[in-house]
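Among the features that Swiss-Prot reports, ATP binding site is placed at 494, 495, 496, 497, 498, 499, 500, 501, 502, 516, with the record citing sequence analysis. The domain 'PAN' feature in Swiss-Prot is assigned to 332-418; the stated evidence is sequence analysis. Among the features that Swiss-Prot reports, domain 'Protein kinase' is placed at 488-773. Here Swiss-Prot flags 24, 50, 85, 91, 248, 319, 378 as N-linked glycosylation site, drawing on sequence analysis. Residues annotated as phosphothreonine in Swiss-Prot, with similarity to another entry given as evidence: 647. Residues annotated as transmembrane segment in Swiss-Prot: 429-449.
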């Protein structure tokens, strides 16, 4: 009998600590209880920060230690009673009661329904739901603290003055509101702004479709998790973010020190993606009006071109807040000389890699020339910028908080009196005349030394390659290649690759070759060059291009390939006339051939190779239209048991890069599969991933494919000019395989062997999920290159360096 009583007592003790599914009038949440989200991602309950005696109701990540609190209900009013509880009142509002049953905190709004309950969703949103209608009566996502989760948002509404902001904790042990807040401004376009009290502390620059233009290291090729929606007519705007990584949990937080941080969980610990501000130059207005903060090491303040310190004494003491003043007054005769600038007309000085000043105004000019003319014709216009993803911005008045980045900034044109540049030119002539003779002598000496260095370097290169395992690959002399290509004649140029031009050549024995000439500015250095030679020399497959040899001559580096008569696949499928030469059977054969080449790289060769830059222009076609995978400069070899790797240098072509690779630098067989899926859909549809837009919402190719598959099974995705040559079920099957290859999560994508099996058999296919880039409009996607040539850019980030091509 005693054992039974003990068991009952034990159950009574344990029961209150169990997680609740919901809170209602009859089931309040006590201090010893918690409320879990259905999937177990988040938990709500009472907590004491840093082991203080104060109790708060908060939400945190359930399975992560140490605890990270993402929302607090009673920030200003902690409870100390162990009898406190959270419940639903008779009028439907959520209330927190202390031990005396006094209301400590509430949602502050009474509802007509008293039949409701509160639950915690898997998004981390704590909601009060009407049991009758199912409507949300209140939600924590509309009452943010210091943290944003995916699907929550900052907002403003100028019609009623409302805004939703993040507010810091006062300290790590005190969740009451601190002195810093993060908001989005009602400017067009908006920008993120951290305030210290009411004073601007940091800003991220105007929004440019996929990025905030004032964050260093992030340019138009950045794969952004952010999204901004503004309705100019309604005076509303919102900012949110989504998790593009291969992980479920992430958050944006504002620390008590005023730093905005973005973190995600990789399964072991939290990874920091961004932390802003990160440099003294990021602090608002550090160098005063018309000052320029240069992010050098150490950072320094300068005056903008044509300006001088307002107070030399204060400037010399390091007190730069008074800023600078114009050295020469503007002539402002622009209106009378719109077409021809006289000698007294104001001019614009171009600055590069700049965080543009605050207090911009959007001007609806259609191009940069109109933007320039509009500013020139307005005497109060002190500067203008024409930014990709935004358009024309102008500044009327002081230029405040201008920052000089080392790279990845914007162009800014500041208005100056013409005499400013004229004086500069005269000084340059004097200096140039004085030192020209010295420079000439130095150059002669340098040329001699460079010649000697190149001779030694050339020998070193050759010796280096001799030590490598490059059997079957010949070394060609430069004069042989120059003769074969008619001295790299423009008429022999086949195209432009990501690392330089490609030429057609003919050797003395009549054999035709393709010559890849690596540009010194291309970004492919010694590592990529060595990589491509050593890799391809070991790879032999009918669906891989064959390397015949290489050439090194000083700074010149060349690769010599077998010549492909039909050049690359993109020439055919995107050309309105040539596309008819590739009917559906040929396209299906090309898809299968690429898959076989990938299978060889991933599974069947003696090396396991991840290509990392699979795209339509890297598929060459022989005289029978058989595909051959080319361009192995970015490829990586894996060890026998290795299936995944990561890199700080993310390289590839935007649109083809998988989310986990573009965002986290993780690459594997599955990242090549993602690229293959995009490539498949381009071959089927005849539409470029980087150019195709459809619908009022400017959706891209993946969204178009998803809609096609949902509506017709995908059979209508095929280029309509080719429908007479195909079997609809075969096209629909390929579309479904393509969608499976571009799944957001790598684990949901098939491997290469499975893909080839799907293409060559009639087995049932899994049902694909909606691709992540089909959820958002094209405006929410990363900016993609708009021409057939590859574009190389370098974007340095906290965790990785992205190079889009």
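Cβ atoms are placed via backbone N, Cα and C, with glycine included.
Remember, it's a predicted structure, so these values are computed and weren't measured experimentally.
Feature map: annotations from Swiss-Prot on the structure.
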residue: 24; record: N-linked glycosylation site; DSSP class: strand
residue: 50; record: N-linked glycosylation site; DSSP class: helix
residue: 85; record: N-linked glycosylation site; DSSP class: strand
residue: 91; record: N-linked glycosylation site; DSSP class: coil
residue: 319; record: N-linked glycosylation site; DSSP class: coil
residue: 378; record: N-linked glycosylation site; DSSP class: coil
residue: 494; record: ATP binding site; DSSP class: strand
residue: 500; record: ATP binding site; DSSP class: strand
Mean pLDDT across the domain 'PAN' (332-418) comes out at 85
Site of maximum Cβ density within 10 Å, from recorded positions 50, 85, 91, 496: 85
Cβ neighbour count within 10 Å of residue 502 (ATP binding site): 22
By Cα-Cα distance, the member of glycosylation sites 85, 91, 319 nearest residue 50 (N-linked glycosylation site): 85
Work out how many Å separate residue 494 (ATP binding site) and residue 319 (N-linked glycosylation site) at their Cα atoms, rounded off. 58
Sparsest Cβ surroundings (other CB atoms within 10 Å) among the glycosylation sites 24, 319, 378: 319
Out of the binding-site residues 494, 500, the residue with the smallest number of other Cβ atoms within 10 Å is 494
Hey, how far is residue 500 (ATP binding site) from residue 91 (N-linked glycosylation site), Cα to Cα, in Å? 71
Residue 85 (N-linked glycosylation site): which of the recorded positions 24, 319, 378, 496, 502 is the nearest Cα neighbour? 24
Rounded distance in angstrom between the Cα atoms of residue 502 (ATP binding site) and residue 378 (N-linked glycosylation site): 48
For residue 319 (N-linked glycosylation site) and residue 378 (N-linked glycosylation site), what Cα-Cα distance in Å is obtained after rounding to a whole number? 33
Could you round the CA separation between residue 496 (ATP binding site) and residue 91 (N-linked glycosylation site) to a whole angstrom and send it over? 69
